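Listed in TrEMBL:
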DOMAIN    A:46-353  domain 'AB hydrolase-1'
ACT_SITE  A:SER151  active site, nucleophile
BINDING   A:ARG220, A:ASP350  substrate binding site
ACT_SITE  A:ASP316  active site
ACT_SITE  A:HIS349  active site
Protein chains: 2
Amino acid sequence: MNWVQPKTFTFATPPELFVLESGQRLGPITVTYETYGRLNEARSNAILIAHALTGEQHAAGRHHPSDKVPGWWDELIGPGKPFDTNRFFIICSNVLGGCQGTTGPSSIDPATGRPYGMRFPVYTVRDMVRVQRELIAHLGIDRLLLVAGGSMGGMQVMEWGVTYPELVDGLLPIATCGRMSAMNIAFNEIMRQTIMLDPAWQQGNYEPGKGPAVGLAIARMLGMVTYRSDHVFTERFGRRIMDMRPDVYYRMENRFEIENYLHYQGEKLVKRFDANTYLYLCKAMDLCDIGHGRGGMQAALARIQAHTLFIGVDSDWLYPPSYMIEMAEEMGRLGGRADYWELASPHGHDAFLIEFERMRPVVASFVQRLAAERGCP
Amino acid sequence: MNWVQPKTFTFATPPELFVLESGQRLGPITVTYETYGRLNEARSNAILIAHALTGEQHAAGRHHPSDKVPGWWDELIGPGKPFDTNRFFIICSNVLGGCQGTTGPSSIDPATGRPYGMRFPVYTVRDMVRVQRELIAHLGIDRLLLVAGGSMGGMQVMEWGVTYPELVDGLLPIATCGRMSAMNIAFNEIMRQTIMLDPAWQQGNYEPGKGPAVGLAIARMLGMVTYRSDHVFTERFGRRIMDMRPDVYYRMENRFEIENYLHYQGEKLVKRFDANTYLYLCKAMDLCDIGHGRGGMQAALARIQAHTLFIGVDSDWLYPPSYMIEMAEEMGRLGGRADYWELASPHGHDAFLIEFERMRPVVASFVQRLAAERGCP
């Protein structure tokens, strides 16, 4: 694959503002996105990839020869890979309200010349999807072959199927839900409260680069625990501790290796992520409910026309398989086309970013079936 | 039952200091405890109850006629109950390093006239048990019929069996572990960091009553999530939200009921608990490893002479049944007397404070068997 470059697309330029699900208006909106492969003449080979909470548009390839790691789903996207760039045109955009180039809380509000901060309107997963719809129209695409993603990406996948049933042939929601559970809302609220407790948060009015680093790092530490599994932490870290010398062992600051690992992960996120954006994205997930304003979950699932393959992870306790199995079964009862495949992995929720060997044949076969059904060359 | 009253016992008065597991010295140590029932002449009917993280010595009965709720295990302790006060002498003390009357970080350091705060030495579950040993000796008891407790209380139960194998006939560890897992250390570290992030913490030097209320409340919110289950939160709160009106629904501050519930629980704990103590107790749990300094888990379990009944909760994901099943099986292989019973409950870890109907017959039969074996009238 050649070096990839992010591109931008701007719409909803005043006075033509974008009306959010809440009724609030926002504009202009710039979307940062990447594409891999080529759109065919029939425009029938487009696949949209949706990213998770702290993810971004850089899903595959490298920007520079010096990049140490490629995009986050590079193992699945590329020539000969399941999302085969020799056959398909792959799109991934930073979500509305993100902080990797798409308009969000860390963007400059043209009305004030300062970052929006907490003055940014609350947006939803449905809004993210409606912005993606604008992007694909801009790219000349009427209909998607597939929308795929895990976690918050999977919520976008579900919203695509319900909001635009006639515009998508296939859905691949992974380790996700159709409506956020009370427990997951609870974890999000704890993360939000931790960020807002940091004095550097300043009601969201921090200067760029001077945000609530400690609060955001702690939030990420909690996130990381929920994304993995007891089993994997035990295997990898067990009870190993920094210093076993008897005079140091009992000190409050003598960290176990699991603690060091989480602190490292927390600090790593702070370097690349905006704290206000984290608050808004968590709120968007909390508000995720494909049945909201549509007569409930069943009515929402009844709208889906796309062939849907749900993938759950057996060790995922944050978005347990049952969430997806219930949706698949309900779709079946309603006459929809839904399959469920369970990924056996010890890695917990994050398995969709780790278990590429096991996912590859299942994803490839689903993509190929969709392409054959659509007559995509 | 008559009204109960807490009592105190003070030992390790300088220069006779108590040497902690770490080698640090502490004294004087005052232990606050309650007893229910009467010690028989043979002194053979004493049962020690050990409390969990935010628990206390008030395990049964009421202090005043106006008390709305009795002690935390009142459903199990009393006349005709499994821990039958007509037959047994029940003891429950606030742990070493607690904040309900036993010497801990919130106590006044006689050397300075101010609270110890973070100058209090790090202590371990083993130290808690060694202090309980001093208490029962003070009460004229050589040997315990049983030690029982859940969660951190269960860790004390395990340490009793290993540290004083010849002094205890029975062990009843519930929803607990013999060594703290990496995941549980992770949750504790996140809770500690949250407390220390609160500017009111002031390196632990806050004035009594002016501690890090927000940080401690958030820590408790996280604790509460880990003590319960996805299932129960969904049943009880689902996605109900404070305000469904379209103009309010999307506001950042429009809380879901699960969020309200957790905030309420957090604020409730702050009124009765000390933040520095929370830090130390979590560290004591992290250091819990019955095999530490004893040649490992197997060697520790081999020391236990007591008949042990492990109780695990099927929906407990914080201290899953496997932790206890493994110890029971290992004790069996080593020739010990260990049984395992699984409590079927949707309530998660906290089931040991909720599922009294189901626990009662199992606990009663275990206590009666121990009493019969010892010839306790």
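Residue numbering: from 1, along the chain as shown.
Quick reminder: no glycine exception, Cβ is built from N, Cα and C everywhere.
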In DSSP terms, helix, strand or coil for A:ASP350 (substrate binding site)?
helix
Counting other Cβ atoms within 10 Å of each Cβ, which of the recorded positions A:ASP316, A:ASP350 scores lowest?
A:ASP350
Count the Cβ atoms, other than its own, that fall within 10 Å of the Cβ of A:SER151 (active site, nucleophile), considering every protein chain shown.
27
For A:HIS349 (active site) and A:SER151 (active site, nucleophile), determine the Cα separation and express it in whole Å.
8
Can you tell me whether DSSP puts A:ASP316 (active site) in helix, strand or coil?
coil
Among the recorded positions listed here (A:ARG220, A:ASP316, A:ASP350), which has the Cα closest to the Cα of the residue listed as 'active site, nucleophile'?
A:ASP350
Sorry to bug you, but what's the C-alpha spacing from A:ASP316 (active site) to A:ARG220 (substrate binding site), rounded to the closest Å?
18
Where does A:SER151 (active site, nucleophile) sit by DSSP, helix, strand or coil?
coil
Would you report the average pLDDT that the model assigns to the domain 'AB hydrolase-1' (A:46-353)?
97
With every protein chain in view, what's the tally of Cβ atoms within 10 Å of the Cβ of A:ARG220 (substrate binding site), excluding that atom itself?
25
Rounded distance in angstrom between the Cα atoms of A:ASP316 (active site) and A:ASP350 (substrate binding site):
8
Quick one: what's DSSP say for A:ARG220 (substrate binding site), helix, strand or coil?
helix
